[in-house]
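Enquirer: A single structure is presented below for examination.
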Amino acid sequence: MKRSLIGRIWPNATAVVLFAGFVFPVYWMFATAFKPTGDIIADDPVWFPTHATLSHFEKAVDADHFWTLVLNSVTVTVLSVLFSLVIALFAAFALTRMRFRGRRGLIVTFMLAQMAPWEVMIIAIYMLVRDNDMLDSLVPLTVFYTMMVLPLTILTLRGYVAAVPKELEESAMVDGCTRFQAFVKVIFPLLAPGLMATSLFGFVTAWNEFPLVLILNKDVEKQTLPLWLSQFQTAFGDDWGATMAASSLFALPILILFIFLQRKAVSGLTDGAVKG
Amino acid sequence: MSVQTEGTDTAGEPAVRKAGVPAPPPGEDRTSAGTPSRRAAAAPYLLLLPALLATLVLLGWPLVKNGMLSFQNLNPRQLIQHLTEWNGVDNYREVLTGGEFWHVVERSVVFTAVNVVLIMVFGTLIGLLLARLGSKMRLLLMVGLVLAWAMPIIAATTVYQWLFAQRFGVVNWVLDKLGWHSMADHNWLETQFSTFAVVTLLIVWQSIPFVAINLYAATTTIPRELYEAASLDGAGSWQNFTSVTLPFLRPFLYATTFLEVIWVFKSFAQIFAMNEGGPDHLTETLPIYAYVQGVGNQHFGLGAAISFLTVLVLLAITSYYLRMVLKQEEDEL
């Protein structure tokens with residue numbers, strides 16, 4: 001099929017315009033973070049940080065509690081992703097490799113759990129956590145974040161487990177492995193890329209979580225970065241340089257993770273979507 | 001995000017049937033082979049136990065607790081003294097008879113509808129564009145989409161606050177240069193409409209990549225033969241689209257629309273971090289309203305009632321699709 005010149009130009013031109021539109025806010029965040037304050041509050045925008053400075057980053061990093069909150073966020077995120085991966089691996093294995101009564105019902109349950117309205121259950125969770133004297137602690141955060149990412153982790157891991165040929169496991173068992181050994185020695189290494197891709201979405205969810213930590217942890221020392229960032233701007237007035245530096249620091253780990261894992265994760269999601 | 005689409009659960013299904021662990025026939029339990037086979041029958045349940053337990057305790061319990069709280073008179077006094085005062089349906093009566101709740105419901109529904117329509121229309125168009133592009137341009141656009149997708153919500157919200165800042169915000173500068181001089185010093189967060197406009201732009205910008213990238217991935221799985229058959233029947237490119245592409249993508253589009261409805265309806269961080277539901281409570285959607293009434297004003301029982309009603313509204317909006325999914329799961333049993 002031969003296309004006219006215009007027919008070939010317009011998709012590419014649209015793609016360039018769209019690319020610019022999607023990237024601009026991200027670019028503007030980093031650009032502002034590096035610009036000296038004089039350039040940020042210029043009458044005409046300075047499009048490139050030609051006089052780049054790190055002073056805004058210093059200000060963000062030197063802000064009270066910053067490193068404590070980084071540690072809190074990393075701890076809560078990494079632990080909840082690990083917990084949900086372990087729990088989900090058992091569940092995904094059972095759901096893909098075994099046939100038993102109630103299997104369909106369980107899959108539907110996890111699909112429904114994935115739609116859980118966490119944002120509107122925060123009052124009930126607050127009461128439960130308070131009644132157990134666990135306010136201002138990282139434990140309930142970790143526990144609930146684990147649950148928030150669990151259903152999706154189960155449902156996506158299922159696709160990866162199913163992709164491992166059944167025969168590999170069987171031949172290992174013929175060679176004298178128990179089912180458990182066959183799993184650990186043969187299947188688990190093959191699942192590693194799938195586990196990495198699956199954990200990306202868990203990581204993003206936990207790293208992003210805002211409403212729960214907003215209500216549960218009033219003690220600044222026990223908060224996480226999203227809450228800190230949402231309050232940063234209030235604390236620093238209209239210091240957009242520092243605010244954008246803080247946002248950049250918060251966004252950077254996720255942006256890097258996404259760039260590394262995106263291709264695998266997207267194909268995993270799509271397989272999940274097509275195969276259910 | 002793993003979504004059931006029409007009757008396509010083939011992932012490992014045959015393998016599962018072969019591997020099926022037959023339940024031990026009754027009465028054979030006490031034979032020597034009884035113990036291992038019983039253990040084998042219990043294995044899937046044991047493997048699923050942690051996940052089930054977590055779901056029941058961490059999701060089920062708060063849901064039940066939320067229901068119980070909604071029938072209680074729970075304000076700071078009761079909270080501090082740990083009193084449980086049941087007050088029947090008073091909370092619901094108060095919420096449902098006040099006009100405000102219905103305004104918020106209406107606002108939430110309109111807000112969700114506008115966002116989801118924009119996300120689905122532009123997400124689909126961009127997904128189809130990705131399928132048409134050459135590999136270099138596709139990679140370029142993909143990178144842009146992934147960066148927007150990966151931005152953490154709160155970071156994205158602060159960036160939008162900066163883009164739309166009254167002073168030195170780049171959007172106002174551009175509008176001024178385009179000749180719209182009254183916008184030079186415009187405060188976007190001053191009115192309901194413009195605050196929603198900024199929030200909508202933020203949500204649509206961050207949501208399109210999911211739809212576009214996955215839609216593109218779905219188009220790559222359309223068998224070539226379908227197009228060949230269609231062109232043998234003399235189909236043009238528009239007919240190709242309506243008779244092959246669209247029907248093939250339909251289950252995917254249903255599933256994605258459903259997910260976006262849920263996600264947009266529940267949006268909390270974007271609206272709250274942008275302006276805490278302001279100006280003057282005018283951008284409070286249901287989750288924000290429940291939070292402000294329940295936690296902000298410390299009417300916890302009332303907030304729980306609003307939460308419960310929010311879940312009902314969400315179920316009502318998504319019931320059509322949910323029924324479809326559940327029915328199809330039954331069919332496959």
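Heads up, the Cβ atoms here are built off N, Cα and C, so glycines get one too.
Automatic prediction, not curation, is the source of TrEMBL annotations.
Given the structure is predicted, the values throughout are model-derived calculations rather than measurements.
Quick paste from TrEMBL:
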type: DOMAIN; residues: B:105-321; note: domain 'ABC transmembrane type-1'
type: REGION; residues: B:1-36; note: region 'Disordered'
type: TRANSMEM; residues: B:45-64; note: transmembrane segment
type: TRANSMEM; residues: B:109-130; note: transmembrane segment
type: TRANSMEM; residues: B:139-163; note: transmembrane segment
type: TRANSMEM; residues: B:193-217; note: transmembrane segment
type: TRANSMEM; residues: B:252-273; note: transmembrane segment
type: TRANSMEM; residues: B:300-322; note: transmembrane segment
Enquirer: Name the range, of those listed as B:45-64, B:109-130, B:300-322, that has the largest tally of Cβ pairs under 8 Å with the transmembrane segment (B:252-273).
Expert: B:109-130
Enquirer: If we skip the immediate neighbours and take only residues 6+ beyond the ends of the transmembrane segment (B:109-130), which ones have a Cβ under 8 Å from one of its Cβ atoms?
Expert: 138, 141-142, 145, 196, 200, 203-204, 207-216, 218-219, 245, 253, 256-257, 260-261, 264-265, 285, 313, 317
Enquirer: Should anything in the same chain at least six residues away from the transmembrane segment (B:300-322) have a Cβ under 8 Å from its Cβ atoms, list it; otherwise answer none.
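Expert: That would be 66-67, 69-75, 79, 87, 91-92, 94-96, 101, 105, 108-109, 112, 254-255, 257-258, 261-262, 265-266, 286-287, 289-291, 293-294.
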